[in-house]
Amino acid sequence: MLELNHLSKTYQTGNQAYPVLKDISLRVEKGEFTAVMGPSGSGKTTLLNCVSCFIPFDEGEIHLGDTVMKNLTEKELAFVRNNRLGFVFQDYMLFDGLTVFENICVPQIIRGGQIPQMETRAKELCRLFGIHHIAEKYPVDISGGEKQRTAVARALMNDPDLILADEPTGNLDSKSCRTVIDSFLKAKEELNATILMVTHDSFAASFCDRVIVLKDGRIFQEVVKMGSRQEFFDELLDLLRELGGGENDGE
Amino acid sequence: MTANKLYAKLRYYNRKNYLMLFLCTVLSVMLITSYALIYLSPTVQNVLPAGGDSRKQAVMIFAVAIVGCAIFSTYASSLFLKYKSREIGILMALGDRKGQLKKMLFSEIMLVAAAACAAGLVLSFPLSYGIWRIFQLLIVDTREMGYQVQGAGLLFGVGFSAVLVLCIFLLAVRFINRTNVMDIIYEQRKSEPIRDVGKWTGVTGVILLILGLVLGYLVPVAVFKLFHFYMPSVWNVVYLLSAAGIYQMMTFLAVHSRRGNHPRKYYRNLISTSMMRFLGRQTVRNMCVIILLTGGALFAAFYLPVTIMGVKENVRNNPVDYLFTYPSGQIQFRESEIEALADAHQIKIKGYQELPSLNLQVDGYEWVYQKSGKVDMIYHDVAGTSTFFNAEDLSVLLKKTIEVKPGEYRMIASVPTTQADDGLPTLITDPVTGEQNPVQYVGTVEFAGRFFNTPEGINTCYVLSPEDFARYDNHLKGADRNVTVAFGVEHWEESYAFAKNLKDEMINRYPGETVKDLMDRPIELSPDNPELSRSWAYYPLFKPLQSQDYMKNMAVFFMLFAYIAIICFTAVGIIAYTRGVTIAVNQKHVFVDLERLGADSRYVDRCMKNQLRRIFIYPYLTGSIAALGFIMMILYTNDGRISIAEAKATGINLIIMAGLGVYLFLVYAGTCKKFRAVIRES
């Protein structure tokens, strides 16, 4: 589904070059829930921004299905973002002037899709993520967890190939964090969604199928969940301790 | 780096914002001062009669222009403070003292505003001179139209500058006195949301707007007609209904959206509507101000074509090219003398005619105004004097048979009417014998010209049967008789020199050094006195002079109204532009989010235009249509019809409206460009 080959990215400030991503290669399969972890400055968010084409990369290739994500025109880029990618951000990025239901509809509105199908799909997603009772409320009237579930529903509206989540639980308390993770799991199980999530939170990451740990712009380690979630969680904590991190344990 | 160096660097970085505040203030002071210089100049003051409607109107629209200028200047300063808020907020968050920042902000604002006011005052002189010269060159250049200014105009400008600086200063005080750092930082992203309103809001808005205008104008007219009662001036508060209606309409147009039966349209506009809603209050207030300025400026501008077309139509329809009336025996003019003068100017006179007329006493009602507003109408069998012509003479002059039987009379009017009015005479009294004879009104005689140099409705003339006329004429003498001389010339448009010569000769032959004006005040009797053409009843009515005088007076009006229009339209442009840019600044993050969700530049553009269109189009249309509708209502109620001249004037008004539309479109295009730049800048 997503394939990164020898991806490199360097920030240039004056004459000074700061390599952020160094020769990253990875694959995310269809229906997989993958997390990217790592200490601050390891390149997690840069990686996500490169995949979503928010920033350009220097070397390597990104394949999303059969699409090579390089040198896309503005129109092609907009098409990919609208139809093939879904985004969930740490600060939700919901439209304050729209209701929950309307916010979920936005990707379809941009696409110019058929209205009856759009409304049916939005209602389904509301039910799936348990936000149907707040569908007519505005973001200001709902909790952080509900906002993020709305964002997850919105990300799934156009049935994208890949959902990119940037610290989706970063602003949430543990209870809300759990409801959001449940939403991702539901998306994966019931809609066969593919999710790539950047997180600091080992509790959230322990629900994933696989965790890629970055350090200094390189893949430090890849951990695949083999046993129970608790075992996986412990394994991640050990790994992060080894890296000198382990913040936001969540549990 | 010292704090001062830091501030200087920040100032340099934000120099565009300082420049914008400076330029808006310069523009505002320059426009108001130059208008004051022109309006208060002796030339214009001479043209606008003291206490007259035209002077009142000029003052009224000047007030609208001052409000417009003050509004756009304070808007520019609030936008400046919005830009400044982030910088000040961060400095405060980093520990800079509020007192220090306050001092810096005040001194910066004072410096910019004072320099801008000084520049505006200085520049107002060349601007007013330039505009004056343009009018002189394009319209009329006479001795009367010389450029003269007096200190009063400059003083007015200084006063306006002082008030403006005070307004800007108060805004800055209010801004900096906020204690919360976050409030200051987020000033830039401050939102004032409005929730959606019901569909009835739009309907009630339109009803209230129309109701306010109709009640405000028509009810006093109807009440006076039916009950002879003047509505107290407090009645004017009903115009507030229109203001409330406008607010409701704009709220509805800005933020209303319902899925209803048009889901496609609803969803297409959903995002832009939600953005509008989020900044709703301020946007709606801006839209209302734009309506006020557009409506006010257009109402002022519409007045001109209506007057011009009316006078032009009357001059065109008037069958008599040259006409003057004088009290019998006051001057002697023989036909041969006029012909000799015409020959000297190579003018051919045709249809020369002398028409005697009689000043007879008539009955009527005296209007006694009570303090309560009630008007008591007291009947007197001798209420005043009116002028009567012989039907035979008038038939020759107007080249049509005028039938009036003994005991009857007709009224001479430019508009035919069959309805008798309460105020028409029913009894004529012979001023010599005191004999009273009842008379019956049998209709009007249509005549587009006038026999006296008085506004229509004053000195109304009537026609008697030849028998009745002869009966009174036998024994009336001197002051009770007039002579009207009327004739035509070939191509009257080319006979200005003759007309002027004859007018001067006529005034020179008139006895005495002063005459009484319409208000019974003495005025100097001299061919060079322009006041005579405006307020002496016996001033000759020669088409070439009428056109010329009229153009001269209109040139001044045109200049004043054009000025007001420039000021109001500038204010409208700046307010709409500022609002557009504010929306761009405040909603920038939303546009970024939209792009992240896959919106391409076309979609973003559509969202932007959808919002800007509401700010530009709805207020423009509402203001224009309300002004046009209001003036049409006045025209219709004046004489119960829309004349051809008024219909033509309406056509010109539509062209003025279209001109404003083109101007606003250009501002809209500029705003779109700036909007794109703001949301694209990183």
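From the backbone N, Cα and C atoms, a Cβ is placed for every residue, glycine too.
Noted in TrEMBL for the protein shown:
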- B:18-38: transmembrane segment (TRANSMEM)
- B:58-83: transmembrane segment (TRANSMEM)
- B:60-180: domain 'ABC3 transporter permease C-terminal' (DOMAIN)
- B:104-132: transmembrane segment (TRANSMEM)
- B:152-176: transmembrane segment (TRANSMEM)
- B:197-217: transmembrane segment (TRANSMEM)
- B:237-255: transmembrane segment (TRANSMEM)
- B:284-304: transmembrane segment (TRANSMEM)
- B:554-578: transmembrane segment (TRANSMEM)
- B:615-637: transmembrane segment (TRANSMEM)
- B:649-670: transmembrane segment (TRANSMEM)
Interface check, the transmembrane segment (B:197-217) with the transmembrane segment (B:237-255), three or more C-beta pairs under 8 A: yes
Feature contact check the transmembrane segment (B:58-83) with the transmembrane segment (B:649-670), CB under 8 Å, 3 or more pairs: no
Same-chain residues at least 6 beyond the ends of the transmembrane segment (B:58-83) whose Cβ lies under 8 Å from its Cβ atoms: 14, 17-18, 20-21, 24-25, 28, 31-32, 35, 39, 48, 109, 160, 163-164, 167-168, 171-172, 175, 187-188, 289, 292-293, 296-297, 300, 557, 560-561, 563-564, 567-568, 570-572, 574-575, 578, 581-582, 585
For the domain 'ABC3 transporter permease C-terminal' (B:60-180), residues assigned helix / strand / coil by DSSP: 104 helix, 0 strand, 17 coil
Confidence summary (mean pLDDT) of the domain 'ABC3 transporter permease C-terminal' (B:60-180): 80
